[in-house]
Amino acid sequence: MIADAVAWVLVLAVAAYACGGGADYGAGFWDLLAGGARRGDRPRALIDHAVAPVWEVNNVWLVFVLVVMWTGFPVMFQAVFSVLWLPLTLAAMGLVLRGAGFALRKPTRRLAERRLFGAAFAVASVLTPYFFGAAVGGVASGRVAPGGSASVSAWTNPTSVLTGLMTVAAAAFLGAVFLSGDARTYGTPDLVDYFRRRALVTLLALAVLAGIGIALTRDDAPYVHERLTGGPGLALVCVAGVCALAAAWLLVRGAPTQFTRAAAVGSVGAVVVAWGLAQRPYLLPTSLTVAEGAGARATMGWLVIVSLVAVVLVGPALVLLYRLESRGELEPDPVVSGDPEDSTGTER
Amino acid sequence: MTGAVLLLAADPAQLLPARELMAFSLGTHILLVPFGVALPFVTLLMHYRALRGDDPVAMLLARRWSAVMAVQFAVGVVTGTVLSFEFGLLWPGLMGRWGDVFGLGFGVEAWAFFLEAVLISVYLYGWRRLRPWTHFALGVPLPFVALLGAFGILAANSWMNTPRGFRLDANGDPVGVDVRAAVFTPMFGPEYWHFVVGMFMTAGFVVAGVYATGMLRGRRDRYHRLGFTVPFTAAAVLTPVQLFLGDFIARSVFHQQAVKFAATELVWRTGTHVPEYIFGRLNPDGSVSGGIRIPQLDSVLAGFSPSTEVTGLTSVPAEDRPTTGQATLVHTAFDVMVLIGSVLMLLALWYAWARWRHRDPSRSRWFLRAAAGAGAACLIAVEAGWITTEVGRQPWIVYGYMRVSEAVTTTSAGTLWAVMGVVVLGYVALLAVFVAVLLRMRARWRLRDERTGVRQGARPAAGEAPEHAAPYGPRPRHLPGGRR
């Protein structure tokens, strides 16, 4: 019972990382595909401008996923990190390169250096979600079991390749949706369309990948396949589909940013929750159930309490931040006396 | 000697690269920790002063420090995320067996970190969007959240040193977990207070050191004096406290981890009237070369009397204690930390004496030189303290229950060295950016201030907000380059 609650905390944290982190990785994806230095200059400027304030917070979701895994389900944590050693190492290295590349590009003016650092940021932004997705595919297809040792086939199998590609596509979709909204906020209407088109194309790609996935996982990941094509799993997949369609419709209609973003986040989040539902009662299908893999009871109870307290504390802070961020009006600057009109024209 | 050779032979080949990789990533991360923990406090101190005195210079400093805080925090997130990966990638045996006993602290830390990230963003956005005192009030939780994060990490580390809160079943697996006992272990209190005060001191001395350097270069305006005085005073007040806490933790180690204490003080054989060595090297036969030997002192320091019995390294078999090389490293690191602490104490006394006599200590160039070096010295002391506690714990990852070699991954040594190469390159790049961004921010601010004369106390004119210079701060509402 309490183990199930912790398992759901884990699933929700993964969903939060998929949505929050996904949008950041997606921005890197579009950075990679923005074209040459001249053609890609404006989209990249928007990406530089829009991504920075949020990405650091999103990494914390990932830390939380790891912490819940090792505290709540230590055997599963050990199995996942032993069997999927290489993809997870590559993902961690991708995180470093991404952070370094992104931060390095900003202060650099020379084109050759900007290209190098930008490439590190962009390539790492694509590879990191791919490896996370491939790791998820390894777990979902039952290739990770307690006591296993590092295995290549656990993340190069058909399901892993598919989930890896779907993770990248989902990130690209979220990234495009968020950047399209940012383009509106920062007053660059041509980029609104630019990213809107890309969001619709990636949504199409996601649909195609999902179609392939249904056929592919029938034999390759039978346990999860069965529960995603029937029962509550199917219901959530349908929710994801409806959200995706709604997002597409809102994009085409040019609806307000918040609604489009909510629909896009809803579709990706629903897929993650559907995966969690489909794995029940297993942590690692079909070798370790939630009940078997659960850590000490006392710890699980405290983990739930810590999570609840945190939600109570972090929730209002996040709402406040969002309100501050979206509030256009600025108070008079306490440092800057006199004319609030900005001389350099960079803020209003 | 043969014991040590056997021990080395029995250790898996990947143990060394795994330890080095962990040491490198943690050793880098810990340099950023003082600022994550204590820079918010230093900034709020200045912010309070600015609000109380309606002081535009103090306000400008607080606002700029908040921008620095954001950059530093972003770098710390990357290095911190890598660490949590490394627990699984390098030490799967530790987490798989003990994760549910001691992992909860990390959970507290993760949420505290999250809350701190959000609150730092709120603080940064708040400069122009909130009323002054509301904005300050929203910043006040920051230091407490930082202390909560440190609580989580120190709970985990002190548990590794004095593991409690579980029983072992027939298979040697932990059962009957008592969370409270696992969090509040005997070493928790001493470690926590020593660490936290060390972090506040380091942040204070480093920030003050920046402005001391500026004053040495002739920039003796109000901006620099204020930027120096506020953090330096805070750090100087904490210095004697830290001396007391350092003594407290050393004596706690003596009582709780006798063999670690023996390594710290180079005690070979258990006995009374044990001499204290200042520096020196432990030889495989138990003799000490070099260093200054003070008879009786170690016994006196440990138990206030020369007849105090101090446990020696040889009280346990060779495979259950640090090697002589590790003991020398621990001892050296410990002495470096104590030495730096003592010198900082003298500096704090100098400052207090000058202030008491109503003199301006910053008129002495020697004082400024020492103050400028105090920040770097603090960072060295942080590293030294961390080496003392981590290397002193060897060969155990869970003191007395699990060896480091039992917890290590089965990945080959070659792969781990390759990963280490990438991580080192990535971290060097990351730290280079960090420093480059800070220097660039400084250059911009200096240029601006020369135009406005704000450092001499003039009311600043309109212009770009400091937090916009930070790569992770709030964005201006328009894209650079404008509409097209």
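FYI, residue positions are counted from 1 along the chain as it appears here.
Heads up, the Cβ atoms here are built off N, Cα and C, so glycines get one too.
Because TrEMBL annotations are produced automatically, they should be read as predictions rather than curated entries.
Taken from TrEMBL, the feature transmembrane segment applies to A:6-33, A:79-104, A:116-140, A:160-179, A:199-217, A:229-252, A:259-278, A:298-322.
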Recorded stretches the transmembrane segment (A:259-278) and the transmembrane segment (A:79-104) touching, at least 3 CB pairs under 8 Å:
no
Considering only Cβ pairs within less than 8 angstroms, which of the stretches A:79-104, A:160-179, A:199-217, A:229-252, A:298-322 has the most against the transmembrane segment (A:6-33)?
A:160-179
Long-range Cβ neighbours of the transmembrane segment (A:298-322) (under 8 Å; 6 or more residues past either end):
2-3, 5-6, 9, 68, 71-72
Under 8 Å for C-beta pairs, could you tell me which stretch among A:79-104, A:160-179, A:229-252 has the largest tally with the transmembrane segment (A:199-217)?
A:160-179
Residues of the parent chain within Cβ reach of the transmembrane segment (A:160-179), under 8 Å, 6 or more residues beyond its termini:
18-19, 21-30, 43, 46-47, 50, 125-126, 129-138, 140-141, 143, 154, 191, 195-196, 198-199, 202-203, 205-206, 209-210, 212-213, 216-217, 247, 251, 260-261, 264-265, 268, 271
